[in-house]
Amino acid sequence: MNRQLIIAIDGPSGVGKSTLSRRLAQQLRYVNIDTGAMYRCVALAAHRAGLAADDEKSLQALCADMEIRFVRKDGTEKVLLNGEDVSEAIRTPEISLLSSRVSAQPTVRQCMLGLQRQMGEQGGVVLEGRDIGTVVFPSAEVKFFLAATARERGKRRYLELKAKGMDVDLDQTIAEVEARDAADSGRLHAPLRQAEDAVLIDTTCMNIDQVLERMLQVVAERQQVCDPSKEGAAS
């Protein structure tokens, strides 16, 4: 039986982290933890409560009373915030931008950090976000950093929102992706950056299946290294 690994997937918005994390977890029969969705939940709750993104004290209290769970229902992964299915509500452009500002607050990150580590410390998990391999689990056995051009990521996001019936503009969507990049990379606490030992995959000219195949290859190689019994079987 293969050792249960901690797999970290980092990268900017619109690069395919959520889809790939979900499919990789399904293939490996691991638990999928979307850390970005956790910050989106904080942003949604703050928006509903009328809290400012820089009101750190109120945000800290908000996080302390918040329950976030990931469940599978009818074959689909759902995000529950205090028991409510907010899977769609947290994916709007407004909440996406707000989540970047909210996640820049140290107390919010500290609260979410503890929860993320608690969820993943036993292994057998795929975590995706922006600082998994650098901050949340710097000792993760497998680390990926996914990249793509801002224009390609903006186009993907535009098509995703259009498919949901939203009235969006391509140029504006690309601009929002670039703004999110600047916010994520420029924040003081846990900025977006590639871990030194992460495997970089540029997805600009790759489809999901191609990226997934590459990730599965890396995981299989790492399982061979991490499982001492494999060495004995090979000798």
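Using N, Cα and C of the backbone, Cβ positions are placed for all residues, glycine too.
What Swiss-Prot says about this protein:
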- Gly11, Pro12, Ser13, Gly14, Val15, Gly16, Lys17, Ser18, Thr19: ATP binding site (BINDING)
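Taking the mean position of the Cβ atoms of Gly11, Pro12, Ser13, Gly14, Val15, Gly16, Lys17, Ser18, Thr19 as the ATP site, the remaining same-chain residues with a Cβ inside 8 Å of that point are Leu20, Glu128, Leu146, Ala148, Arg153. Counting only same-chain residues six or more apart in sequence, the Cβ atoms lying under 8 angstroms from the Cβ of Ser13 (ATP binding site) belong to Ser96, Arg153, Arg157, Val177, Arg180, Asp181, Asp184. All protein chains considered, the CB of Lys17 (ATP binding site) has 24 other CB atoms within 10 Å. Annotation note: Thr19 (ATP binding site) sits in a helical segment as assigned by DSSP.
For Thr19 (ATP binding site), other Cβ atoms within 10 Å of its Cβ number 15. Sequence-distant neighbours of Val15 (ATP binding site): residues of the same chain at least 6 apart with a C-beta under 8 Å from its C-beta are Leu146, Ala147, Ala148, Arg153, Thr203.
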